[in-house]
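Have a look at the structure below, then the notes.
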Amino acid sequence: MEKHNLTVVREFILKGITSHPELQTPLFGLFLIMYMSTLVGNLGMVNLTKVDHSLQTPMYFFLRHLALSDLGYSTAVGPKMLVNFVVDQNAISYYFCDTQLAFFLLFISCELFILSAMAYDHYMAICNPLLYSVIMSQRVCWLLVAMPYLYGTFLCLLINIKIFTLPFCGYNVISHFYCDSLPLLSLLCSNTHEIEVITLILAAFDLLSSLLIILVSYLLILIAILRMKSAEGRHKAFSTCGSHLTAVIVFYGTLCAAQVQSLLGH
């Protein structure tokens, strides 16, 4: 169906997480604690891995960039979401919405592939310990980190240019708590089939390819652990992978929950 009443949209209204006023204060407190914990934890990790010379290893190099990407997309969404809990109208300007979506896409895609790089790093450390220092050189580590940042930049530019160069209709209410691509597409006046297909293909590629790398890496790690005769060696291998597996489960779980909410709102 054609959309009419083309107007210049200068701001959007975010629906937020809840429409119940009695939940605004407790949710504000909860998310403030979560965001401050994320801020302090990630900044602490970045500083610690920079100043402590004993942590100048590939594992902590990837962990530092994982902390930076986590801090990036949390800051893209968190502060504005907290402000919306205490104001009457959840308005966000056109350009701020564009910027928020760009940084969210950049850092969320970076985190996906940095998690994959960490899984590959664990695989090399456990399955090829003698060649580990040769294969996981500083140059290789920088390459494995630079590629997600470059891809994330390409991704956010492509999606944002496709969305924000198209005209919006007069209705400017976004059915989400931040500027996400799918809710924004429903507000466009022109045919959105092309950008919808591009968005879904890229999202599927990001999730499936990064998850496939992680699953294959851990399958090979599990096979290597089962072949170990030393109980101490098995324990060390499991402890090395434990924190990364926890991060993977939490990240993918949170990402899937956010996407489900976005799809339901859309």
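For all residues, glycine too, the Cβ spot is worked out from N, Cα and C.
According to TrEMBL, the transmembrane segment annotation covers 27-49, 101-120, 140-161, 197-225, 237-260. Feature annotation from TrEMBL assigns domain 'G-protein coupled receptors family 1 profile' to 41-266.
Residues belonging to the domain 'G-protein coupled receptors family 1 profile' (41-266) score a mean pLDDT of 88 in the model.
If you look at the transmembrane segment (140-161), the same-chain residues 6 or more away from its ends with a CB under 8 A from one of its CBs are 58, 61-62, 65, 69, 98, 101-103, 105-110, 112-114, 117, 120, 181, 195, 198-199, 202, 206.
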